[in-house]
Amino acid sequence: MSSYLLAFIVCDFRSVSGMTATGINISIYAVPEKWHQTHYALEAALRLLEFYEQYFNILYPLPKMDLIAIPDFQSGAMENWGLTTYRETSLLYDPDISSASDKLWVTLVIGHELAHQWFGNLVTMEWWNDIWLNEGFARYMEFVSLEAVYPELKVEDHFLDTCFGAIGRDSLNSSRPISSLAENPTQIKEMFDTVSYDKGACILHMLRNFLTNEGFQSGIIRYLRRFRYSNARNEDLWDSLIKEDHFLDTCFGAIGRDSLNSSRPISSLAENPTQIKEMFDTVSYDKGACILHMLRNFLTNEGFQSGIIRYLRRFRYSNARNEDLWDSLIKYRFAGEHIDLKKMMYTWTLQKGIPLVTVKRQGRKLYIGQERFLKIVLPNDPSWNSLQEGYLWHIPLTYKTSHSDLEIKHILTTKSDVLTLDEEVDWVKLNTDMNGYYIVHYDEEGWNALTELLRVNHTALSFKDRASLIHNAFQLVTAGRLSLDRALDLIGYLKSEMHNVPLLQGLGYLQSFYKLIEKRNVADVTHNLKTYILQYFRDVIDKQSWSDDGTVSDRRLREEVLSLACDFDYPPCLGKAKQLYNSWVESSGAISLPTDVSETVYMVGAQDDSGWAYLLEKYGVSMCETEKRKFLSALASSKDSEKLSRLLQLGMEGTLIKTQNLPSLIYMVARNPVGHFLAWDFVKKHWNELVEKFPLGSFGIRNIIVGTVTQFSSTEELREVEDFFKSITEQVSQMRIIQVATENVEKNIMWLSRNLDTMRTWLQQRLN
């Protein structure tokens, strides 16, 4: 086994235990006073471990599996073999206090760490440049396992957000390939990022969709069996997916999330501790998961699964490389031809970025093109050609039309192509159900047709297609490729939307624009945008109950919508929240608030001196970390800068507020319009102390940098950020996250420059 997976713990914790159908003893450990919060984790661990044994067709090799909640733990969780460690918020669940979102989070994290027992432990990447083989797969298997074991949690809603987030990181030039260079500790730490986790998962999903479930699963099983107890590389995965003729031959083309130039390939160089730490990033986790999602959908569930099993068996108890995974996924036919899956997958893991697919329809002809999607560089920029040069993806396109519900597939391996439809159609929608990892840009006629379709009959498209249209449109606005008013017109149908995913997608963009403009003190636009949101979504807000009733999707919508309404000072929302808060205080915290709205209630209560002081007192005595997180978020929402400064100081001291929570606290304060300069000044002043607490390249230090810097949106602020990091160049020279953060500021500056006047005019027209 790999040495990084060894753990010993000496403690006097209390446990609860159970046994799987195959005789594996599972125990959940916590401090004695929180033992009652362990029972859901035991149920989830038992069910999920049994699922993985069946899915991978490889038994868990150890006699026991311990899961332990650590009171002060910087990581979210760690997959030590047979002894997985967690933050208390990631393992403990109290049904009287925890919300539906909390339950989903705990289940996802357990699913992630148990998936690592096969991907990472049984088969280990050969070097940190292929960390996505661990993290992208674990992130993707979270969704596969919960979809099968806990369908009521509606994890498919959450997966779209994962891929949308991956695209955001990948569309910056500072992105990286999924497989990237990692040569020192800082680079390795930074590999644990969105690219490895989320982009990896989305690309796997795209591949699974293309190969069919059966083909994908078969290749995965082959990979696991071939490399068990050994190390594997990027290409080992692709070889496992393409070498044997067990079922229908298809192919893959996954997607990246690199529209910033500071991105990296999924498989990247990592040669020192800092580089290795940075490999644990969005590229390894999120982009990796998105690519796997694409692959699974392309291969079919069964094909993907069999390939994964093959991979795990082949490389168990050893190390694997990027190519070992592809070798485990079998050779497919597509349109009568064998597809070189390894060659295809390298376009997704060895180059950074995400493709933009352009579509123009003339009669029965579809003119398709591809280019690299970039957010802060326009086609007329002198650097455009150099940033596009050499980029070509093998993209598994899928599309539907107004005349057919059948999904049509085509592999785009060239810069442009022409497809012929069977008949003329009213509209065409590419990237069916967002199973592919790419952005789609239609010509004017195409956007007009889809906008009209949403207005007249939005249910003609699936909720995933509706959400992806909204997402792609606003991403294109940010990139300067689509006008803001066209994207705003696209979401004009949302009053009729009944599904929470597209509804929250549209509402989320409007809220993010509000937060960005609010920090620039543009009073007229801020006021009008708030007024428009409250007027337009009033029916959605008013029909929400202050309870925990409904499905997980209903509860998630309620949590988000009521939080926004109270944040925007909507009188009915403030009145109800104050009423609930006062009743809770009068009972000395004895009555239970509805868990899904409790954070909103606390935030309203924290806005006066007595309420803030009471919540700080409750924070100190609460025995539930989930509840403490809600208290902390409420405390950080105060409009009193002195209170925010006190919070930051308490976080630095590490007694009342644990050190593990300091990065989150800094981010919470930075999001507050009163606190974003305060948080940045705090980081500059305490930088040396912060890097002593959180190693360079670690999640903690990266979250601190991104959480503070990406709140800025002016050239003066950008210059200040650049000057600060230049002053500590020796410390941060190997960290990609600095370029990611500064590119995000550039993106904010450009968005305001391009869109503020358009937003002002559009709002005036709608409100008048």
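Backbone N, Cα and C define each Cβ position, glycine as well.
Remember, it's a predicted structure, so these values are computed and weren't measured experimentally.
Taken straight from TrEMBL:
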type: ACT_SITE; residues: Glu113; note: active site, proton acceptor
type: BINDING; residues: His112, His116, Glu135; note: Zn(2+) binding site
type: DOMAIN; residues: 40-243; note: domain 'Peptidase M1 membrane alanine aminopeptidase'
type: DOMAIN; residues: 247-348; note: domain 'Peptidase M1 membrane alanine aminopeptidase'
type: DOMAIN; residues: 427-746; note: domain 'ERAP1-like C-terminal'
type: SIGNAL; residues: 1-18; note: signal peptide
type: SITE; residues: Tyr197; note: site 'Transition state stabilizer'
Glu113 (active site, proton acceptor): secondary structure state under DSSP, collapsed to three categories: helix
Most crowded position, judged by CB atoms within 10 A, among His112, His116 as binding-site residues: His112
Residues near Glu135 (Zn(2+) binding site) in space but at least six apart in sequence (CB under 8 A): Gly120, Phe192, Ser196, Tyr197, Gly200, Phe280, Ser284, Tyr285, Gly288
8 Å Cβ shell about His112, His116, Glu135 centroid, Zn(2+) site members excluded: Glu79, Glu113, Ala115, Phe119, Gly120, Asn134, Phe137, Ala138, Arg139, Met141, Glu142, Tyr197, Tyr285
Count of other CB atoms lying within 10 Å of the CB belonging to Glu113 (active site, proton acceptor): 27
Cβ neighbour count (within 10 Å, all chains shown) around Tyr197 (site 'Transition state stabilizer'): 35
Helix, strand or coil at Glu135 (Zn(2+) binding site) [DSSP, three-state]: helix
Per-region confidence, the domain 'ERAP1-like C-terminal' (427-746) (mean pLDDT, whole number): 95
Where Tyr197 (site 'Transition state stabilizer') falls in three-state DSSP terms: helix
